[in-house]
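Below: the structure, in structure tokens.
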Amino acid sequence: MALSSPSRILCFALALSAASLSLSFASSHDYSIVGYSPEDLESHDKLIELFENWISNFEKAYETVEEKFLRFEVFKDNLKHIDETNKKGKSYWLGLNEFADLSHEEFKKMYLGLKTDIVRRDEERSYAEFAYRDVEAVPKSVDWRKKGAVAEVKNQGSCGSCWAFSTVAAVEGINKIVTGNLTTLSEQELIDCDTTYNNGCNGGLMDYAFEYIVKNGGLRKEEDYPYSMEEGTCEMQKDESETVTINGHQDVPTNDEKSLLKALAHQPLSVAIDASGREFQFYSGGVFDGRCGVDLDHGVAAVGYGSSKGSDYIIVKNSWGPKWGEKGYIRLKRNTGKPEGLCGINKMASFPTKTK
């Protein structure tokens, strides 16, 4: 399936099937945040115009008219789901983002990449060594973005490298906290070089990436080893290359939200979630409490927590670019009463350690 190409189709020549979509967005008057308005959905021609505007906004291109027709049909189906969800007036809303021309199965195959089948966690040892075990009180809210410990949102693209982005975000955070320097680091080095247990664009695990950084003597800066959205040959480190080091890593006790907040109050964390839900694909804003399982398939970073209108949440940094969610972030509801947390966020959190 070709989702982009250098050539652009100049005209939408097929006689597209007119579909009657009775759509409205009842829960918000600011339609700009979801990417469509009722006027866009009043006629077949306006629906096509909406699709063309979306193509331009996200710089999409299709190799054939047939492919464009197929993507339009998927787009309409996704739009129907988005609008039906928004009409329910939930605490979050969905929008027409970069993934609006992908079926849900295509999306999961292309953008999720955590490999939990290679997990090795010693739960008793994890709790015994947990650095923040004896912390008694934490602030009501923490946002590491405001403390300058979170780099700009990045985009993994269609490479299943979420594990590398999750790892890097946590290392960038602790490095800023300890040294005062926010240094943007290389996910590509992990993809190309951390191959003992991790599998590049075919998934991996954050704990193994932390181990690689320790054994390798650090991780290079992004500018010295830029992201290419594909697996490459590991580039040997040059003597003049600057690296950021860590001393080790620790796991947060499993299914323990209090412990997760204790750690998160002190530094950004690598966390794993179940991001396979269709509502997660199109999340655009608000405190998310939608349907999702606990089968971990996506690595992200927890960078804070807080409350809004009585809803407690965890601030999660994703790696799907700044046009997804709230400028690349999602607020996941916490205090759900389930030990594993919403989308399994309490199941497998970890963090790097650094003393100097």
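Each Cβ is built from the backbone N, Cα and C atoms, and glycine gets one as well.
Within the set Cys193, Cys292, Swiss-Prot assigns Cys193 as the partner of Cys234, by disulphide bond. The record in Swiss-Prot pairs Cys159 in a disulfide bond with Cys201, which is drawn from Cys201, Cys292. Candidate recorded positions: Cys162, Asn181, Cys193. Nearest to His298 (active site) by Cα distance: Cys162. Taking Cβ-Cβ distances under 8 Å and a sequence separation of 6 or more, the neighbours of Asn181 (N-linked glycosylation site) in its chain are Asn175. Within 10 Å of the Cβ of Cys193 (disulfide bond) there are 22 other Cβ atoms, across all protein chains. Across the structure, Cys159 (disulfide bond) and Cys234 (disulfide bond) are spaced 17 Å apart at their Cα atoms. The CA atom of Cys292 (disulfide bond) is located 16 Å away from the CA atom of Asn318 (active site). Cys162 (active site) and Cys201 (disulfide bond) are 9 Å apart (CA-CA, integer value).
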